[in-house]
Structures are given as structure tokens and as C-alpha cells.
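Undergrad: Copying in the features that TrEMBL gives for the protein in this structure:
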type: BINDING; residues: GLY7, PRO8, SER9, GLY10, THR11, GLY12, LYS13, SER14, SER15; note: ATP binding site
type: COMPBIAS; residues: 175-184; note: compositional bias 'Basic and acidic residues'
type: DOMAIN; residues: 3-217; note: domain 'Cytidylate kinase'
type: REGION; residues: 153-190; note: region 'Disordered'
Amino acid sequence: MIVGIDGPSGTGKSSTSKAVAAKLGLRYLDTGAQYRAITWWMLHNGIDLTDPAAIAAAAGRPEIVSGTDPAAPAITVDGQDVSAPIRGQEVTSAVSAVSAVPEVRARITALQREIARQAQGGIVVEGRDIGTTVLPDADAKIFLTASEEARAARRSGEQGGRDAQSLAATRQALARRDAADSGRKTSPLAKAGDAIEVDTTELTLEQVIECVVTLIEEKRSR
Ligand SMILES: Nc1ncnc2c1ncn2[C@@H]1O[C@H](COP(=O)(O)OP(=O)(O)O)[C@@H](O)[C@H]1O
Ligand SMILES: Nc1ccn([C@H]2C[C@H](O)[C@@H](COP(=O)(O)OP(=O)(O)O)O2)c(=O)n1
């Protein structure tokens, strides 16, 4: 059972995918963490992120290893645990530019397909282009959406900034990243034709998990 869950930032992909994988006994892969990890490495190694040719030339250098246990997601770059620094502001602001470079996508996509191929019993893979590009033959494809307002409120809440100013700044940064991810040439953020769309704006996380589990079980029983 291969499940692809795509959608923009703050729609609930990570929380839903982890919970669904744990409930159904599947492995779990956060592909956003891989793009964040390669971005962290580029920043750490002084690669000029305004120069796509420099990013492309360095794309093959870092060794990225992802754990697939939904209860303990792990990611290392050249043996170093980067799960905390990849969530920082510096990486978040740079990740869209790095992940738009075709050589970066080719490298990370190959890694993702290999992890999915090796996953015993199946896997939930979450990202932006899983249903369209990485695993077009996935058994179940889900596309999560939510209003920009709801997504910004969720992200802002996570960062502890619930005042109007930080909410507005979060919303602006989120909209900018969505536009970059949807507008890039190579495998942009998009809903696959055969994906099932779930609008999570008015749903609790538990309701979304329940809905996705039901959709997967329907596919499984066919
Ligand atoms: N349906 C929901 N209702 C309210 N909050 C949610 C919902 N789904 C996720 N969240 C919260 O929103 C934040 C972002 O969720 P996350 O799973 O990281 O989204 P994504 O992976 O799509 O960026 C988290 O703090 C999560 O707990
Ligand atoms: N399959 C993917 C996953 C993520 N990316 C890129 C684009 C996203 O802005 C960044 C970060 O993704 P991530 O899922 O960690 O972002 P959020 O936590 O949802 O804000 O990586 C991608 O290009 N393709």
C-alpha cells in the first residue's frame, strides 16, 4: 500500500500522514524534510543560493538519510541529525529556491522512490509532487487543502506568535512560498488528476485522520 499525501503548507500533511501511518502499520516519509535538509547543507557550506547553477553543481554532495518510523521521524545529513535546524527561519525562507532546481529534484526524487520501494508493508509519503511525479502509481492519493487564513493561524500558533502582526507576517511568508512552489517549472505543487481532495479548513485533525484512513481502507478493500 503506497499512499501519497500532497498539499500546501499548513494543510496538515505531516500530522495526518504520521498518524495515518501509525494507525495502519505503514512506514512514513516527510519529503519536505529532505528538501529542507539539502537546503540546510547548502546554507551551511556557503553555496550561493541566488545562483541555480551553484546549487545544481552541489546537489550531489550531501548524503541525506531519512528514517521511516512514523513514531520517530529522523533525518541526517552527512551523519548529522538536522531535525531541529531544518525547521528554522533561515531554511524555511531558502527552501523554495533550492527545491526549484531540477538537479536537486532529480536527486531527492530518486531517493524517495528507493525508500518507497524498500518500505516493507507500505508507506505514506507526504509532499508537494508525490501524486503527480514521485509515485504516480500510488494506491491512494490525497490532496489536502485549507484556507490561507486557517493555514497561517495553524503555523503561527506553532511558532507561539498569536498576535495580529506575527499572524500577518506568517501568512505573507506562507503565500510567497506557496506561489514559488506552485509556479516552478519542475514538478510544481499540484493535485494529481486522480487524487482525492480533502478541505481541512473546518475539520479537526482527528476528523482529517479518520477521513484519510477511511479513504485508504476503501482502496485497500478493492
Ligand atoms: N485540521 C486541523 N485543525 C487544526 N489544526 C491542525 C489541523 N491539521 C493540522 N493542524 C495543526 O497545524 C499545524 C501544521 O500542521 P502540519 O501537519 O505540520 O501541516 P503541513 O505538514 O501540511 O505543513 C500543526 O501545528 C498541526 O497540529
Ligand atoms: N515533495 C516536495 C516537498 C517539499 N518541497 C519543498 C517546497 C516546500 O516549501 C519545502 C518545505 O516543505 P515542508 O513540507 O517541510 O513545508 P511545510 O512544513 O508544509 O511548511 O520543500 C518540494 O518541493 N517537494
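Placed from the backbone N, Cα and C atoms, the Cβ positions cover glycine too.
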Undergrad: Might you list, by sequence position, any residue in that chain lying six or more from LYS13 (ATP binding site) with a Cβ less than 8 Å away from its Cβ?
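TA: Residues satisfying the criterion: ILE5, ASP6, GLY7, GLY32, GLU126, GLY127, LEU144.
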Undergrad: Do any of the binding-site residues GLY7, THR11, SER15 touch ligand 2, in the sense that the CB is under 6 Å from one of its atoms?
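TA: If the test is a Cβ under 6 Å from any atom of ligand 2, the answer is none.
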Undergrad: Across all chains shown, how many C-beta atoms besides its own are within 10 angstroms of the C-beta of SER9 (ATP binding site)?
TA: 23
Undergrad: Long-range neighbours only, meaning 6 or more apart in sequence with Cβ under 8 Å: which ones does THR11 (ATP binding site) have?
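TA: Listed in sequence order: LEU144, THR145, ALA146, ARG151, THR200.
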Undergrad: Neighbourhood of the ATP site (GLY7, PRO8, SER9, GLY10, THR11, GLY12, LYS13, SER14, SER15): other residues with Cβ within 8 Å of the Cβ centroid, in order?
TA: THR16, LEU144, ALA146, ARG151, THR200
